[in-house]
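Undergrad: Pasting a structure below so you can have a look.
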Amino acid sequence: MITMDDIIREGHPTLREVAKEVPIPPTEEDVKLGEEMMEFLKNSQDPVKAEELHLRGGVGLAAPQLDISKRIIAVHVPSLDPEKPDSGISTVMYNPKILSHSVQQACLGEGEGCLSVDREVPGYVVRAARITVSYYDAEGNKQKIRLKNYNAIVVQHEIDHINGVMFYDHIDEKTPFTLDDGVLVIE
Ligand SMILES: CC(C)(C)[C@H](NC(=O)Nc1cc(F)cc(F)c1)C(=O)N(CC(=O)NO)CC1CCCC1
Ligand SMILES: [Zn+2]
C-alpha cells in the first residue's frame, strides 16, 4: 500500500525527468500500480485512514512521484459542488496527452501545492481553463475526455509531473499574484 514514505520530494532527480510511455494494453504490473495509486488517493481522502496513515489529502498522483518514471497518472477529485454530484473525476490514465486546450486560462485562487513539495510556494499557477485529454484506460481502451475548471487544473498538474515540470515553474517570482486580463480564478 502506498504511503507518504513512498512519495519522493523536490530535489529528487526523477521529478525532473520526462517519463517514458508505457506499453498498451498496460501490463499487469502497470495496472496494479495504477490501482495502488488510486487506492492511495482514496485513502488520503478518508478521514480515518488519512489520520491512521498520516496521509495528506491528495486529489492526484503521478508515477514519477513514486520514483517510477512512467507516463501513468491517477486523479480522484470529489465533486465539490453538491448540486452536481458527478462533477468530479476519478480515473487512472496511461500515456495521457493534452490534445487541445482553451485560449482562456484559469488558476486556483489558493495557488497550488504538491505532495512532493513540503513547503508553501505562494503565487497563481496559470493553466488552460479547459482541456481535451486522450489516454488509455487499464483495459487498453483509448479514451478522449474534455475537462474544465478544477478537474482540468488537477490533470494539467499531474501531466506536468510526467514531463518533469513542477507547479512553481509556472509562478512568476517577481509578480506571483499578477494576473493577465481574463484569467479565471477558481475558488
Ligand atoms: C498538495 C495537496 C494539498 C495534497 C493537494 N491536495 C488537494 O488539493 N486536496 C484536496 C482538494 C480538494 F478540493 C478536495 C480534496 F478532497 C482534497 C494535492 O493532492 N495535489 C496533487 C499533487 O500534488 N499531485 O502531484 C496538488 C493539487 C494542486 C492543484 C492540482 C492538484
Ligand atoms: Zn504534484
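Keep in mind that glycine also has a Cβ here, set from the backbone N, Cα and C atoms.
Annotations in TrEMBL come from automatic prediction, not curation.
Pulled from TrEMBL, these are the listed features:
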BINDING   Cys114, His157, His161  Fe cation binding site
ACT_SITE  Glu158  active site
Undergrad: Can you give me the same-chain residues 6 or more apart in sequence from His161 (Fe cation binding site) with a CB-CB distance under 8 Å?
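TA: Result: Leu15, Ala19, Ala62, Pro64, Gln65, Ile73.
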Undergrad: Around the Fe cation site (Cys114, His157, His161), what further same-chain residues have their C-beta within 8 angstroms of the site's C-beta centre?
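TA: The surrounding set, listed in chain order, is Gly60, Ala62, Gln65, Glu112, Leu115, Ser116, Glu158, Asp160, Met166, Phe167.
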Undergrad: Expressed to the nearest Å, what is the distance separating Cys114 (Fe cation binding site) and the residue listed as 'active site' at their Cα atoms?
TA: 10
Undergrad: List every residue in the same chain as Glu158 (active site), at least 6 positions away in sequence, whose Cβ is under 8 Å from its Cβ.
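TA: Non-local contacts for Glu158 (active site): Gly60, Leu61, Ala62, Ile73, Ala74, Val75, Pro96.
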Undergrad: Non-local Cβ contacts of His157 (Fe cation binding site) (under 8 Å, 6 or more apart, same chain)?
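TA: Correct list: Gly60, Glu112, Cys114, Val125, Arg127, Phe167.
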Undergrad: Looking only at Cβ atoms, how many others are within 10 Å of the one on Cys114 (Fe cation binding site)?
TA: 22
